[in-house]
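To start, the structure itself, in structure tokens.
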């Protein structure tokens, strides 16, 4: 079967055709040693994006861990999200190093794939946890945020990371296609069965998260109606509109978060279920890059939009201007 021009160009420019070249090399000379691929534009973009992801999320993790007052459930979830995204950035950098700077080995390929699967799984589950936190903080506003809630959040995060590590350890423990190329998925060295289960789980988490945000909208609407009824305010009253005029802005922010979340994760999840090893590498990169890019956007959409985290960062940069900090548990 012949390749089209776009596939040939992509494999030459990204180095993704390395595995096919190595297989031919092994057949002609069994003693030949694999060599690193030549540097390409895709490799540089991979390294730069991984470095930005690590830098952004390292700042968020350091800010939360260095501030004892930031121990509410929301901050624990944001720290987990930032840590998962940080590991995803590390996995991208390692992939770049193993592919373009040092001689690639089966061990390095499996370790990078396992770390990336672990980090992306933990990131996605942490995003669902953030949505759950927002729902509970609205529906149980009087009791949520107590010491008991913090213990429950810590236990939930322990389960999230335990499950993510178990899922990510699959390739290292032998669930890979290095010994059977016919079982490979669109993301080598993951098998098609492994990637199908992983992407099916991703889609399930996406649907649950959408349901949680739908519940958030319903609870917020009930609260607004109850306040208007109790205070005898009408929706078109000037004082009520000036005080609660941020509902439209809050809804637009919610739609932005949901739009980024769905657009980043759905393409790769669907492609992982429908594609196979014969698919063009270009499609794999085109769907995987947005999923990894979500780790670059998460600090901007979640952590850095939190007022308390911004105050901590401003105090670290300009301590003479921000001498006090009293976090608000939201």
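Using the three backbone atoms N, Cα and C, a Cβ is placed for every residue, glycine included.
Bear in mind that TrEMBL entries carry predicted annotations, made automatically and left uncurated.
Since this is a predicted model, take the numbers as computed values, not measurements.
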Which range of 110-132, 225-247 is transmembrane segment, per TrEMBL: 110-132
Feature transmembrane segment in TrEMBL, mapped to one of the ranges 251-270, 311-330: 251-270
Beyond the flanks of the transmembrane segment (194-213) by at least 6 residues, Cβ under 8 Å: 117, 121, 124-125, 127-128, 131-132, 134-135, 167, 170-171, 175-176, 185-187, 254, 257-258, 261-262, 265-266, 268-273
Feature contact check the transmembrane segment (282-301) with the transmembrane segment (110-132), CB under 8 Å, 3 or more pairs: yes
Distant-in-sequence neighbours of the transmembrane segment (153-174), which means Cβ under 8 A and at least six residues beyond its ends: 73, 76-77, 80, 84, 110-111, 113-119, 121-122, 125-126, 129, 133, 189-190, 194, 198, 201
